[in-house]
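Quick look at what Swiss-Prot lists:
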- 36-112: region 'Disordered' (REGION)
- P47: 4-hydroxyproline (MOD_RES)
- 49-61: compositional bias 'Basic and acidic residues' (COMPBIAS)
- P73: 4-hydroxyproline (MOD_RES)
- P79: 4-hydroxyproline (MOD_RES)
- P82: 4-hydroxyproline (MOD_RES)
- P88: 4-hydroxyproline (MOD_RES)
- C155-C244: disulfide bond (DISULFID)
- C222-C236: disulfide bond (DISULFID)
Amino acid sequence: MSPFLSLPLLLLSVLSASYSETVTSEDAQKTCPTVIACSSPGINGFPGKDGRDGTKGEKGEPGQGLRGLQGPPGKLGPPGNPGPSGSPGAKGQKGDPGASPDGDSSLAASERKALQTEMARIKKWVTFSLGKQVGKKLFLSNGETMTFDKVKALCAQFQASVATPMNQAENTVIQNLVKEEAFLGITDEETEGQFVDLTGRRLTYTNWNQGEPNNADSREDCVVLLRSGGWNDVPCSSSHLAICEFPV
């Protein structure tokens, strides 16, 4: 081909390319911003780290689901401290007397107690040898000799008193019961020469042996019953047979 023929073709190609670039550049300005370069989307990156927990929200309303079954009861907790005492309540009304089909219970209890006391006294009497009874008195002796104070204590232990004859019959019973001298419940310790019983009463019956009482050596303030049945004053510190009288 002739160089002169190819030159026009070359110019035509340059013009066509220049026109095409001009048109493309104008279209690009219509679709892409002038600052940001247009390109195809990139590949998604990895997820970022979790952010910090936000503030706790308010309690929501119960859901509309079915309520679950009640759980089993828990273990008993430790007992609490005792509470303060309450104020006294109002006084109640007086109740009706209770029924007592067997009689008055208080009377029955009193009789039972009296019977028990009497049985106890009888048991104590058994500790003595068999005694003698006259009228409403029972005279008993344990056969032991001791001072007057010990005789008083012994008789008092058995709810009795030292034997004190108030008449000839009682004096004879005591005489037949003992075979040796026995203390009687008679003294003049308070007032010399004025013999009284242990309750302080003056004697209405006496059976002094001849020449008695003589208060020998000024120390004979107690009285014994002799084997003959007569009375004699002796020192209270001397030892003689113990004999007690019990009311029956």
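In case you wondered, yes, glycine gets a Cβ from its N, Cα and C as well.
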Open item on the list: Using a 10 Å cut-off on Cβ-Cβ distances across all protein chains shown, tell me which of the disulfide-bonded residues (C155, C222, C236) has the largest neighbour count.
Closed with: C222
- [ ] Using DSSP reduced to three states, classify C244 (disulfide bond) as helix, strand or coil.
- [x] strand
Task: Residue distribution over DSSP helix, strand and coil in the compositional bias 'Basic and acidic residues' (49-61) - done: 0 helix, 0 strand, 13 coil
Open item on the list: Please report the distance from the Cα of P79 (4-hydroxyproline) to the Cα of P73 (4-hydroxyproline), rounded to the nearest angstrom.
Closed with: 17
Open item on the list: Neighbour count, 10 Å Cβ-Cβ cut-off, for P79 (4-hydroxyproline): what number do you get?
Closed with: 6
TODO: Find the one among the recorded positions P47, P82, C236, C244 whose C-alpha lies closest to that of P88 (4-hydroxyproline).
DONE: P82
Task: Closest of P47, P73, P82, C236 to C244 (disulfide bond), Cα positions, recorded positions only - done: C236
TODO: Reduce the DSSP letter at C222 (disulfide bond) to three states and note it down.
DONE: strand
Open item on the list: Taking 10 A as the limit, how many CB atoms besides its own sit near the CB of P88 (4-hydroxyproline)?
Closed with: 6
Task: P82 (4-hydroxyproline) and C155 (disulfide bond), Cα-Cα, nearest whole angstrom - done: 57
Task: Residue pair C236 (disulfide bond), P82 (4-hydroxyproline) - Cα distance, angstrom, rounded - done: 67
Open item on the list: Which one is it, among the modified residues P47, P73, P82, that lies nearest to C222 (disulfide bond) by Cα separation?
Closed with: P82
Task: Rounded inter-Cα distance in Å - P82 (4-hydroxyproline), P73 (4-hydroxyproline) - done: 24
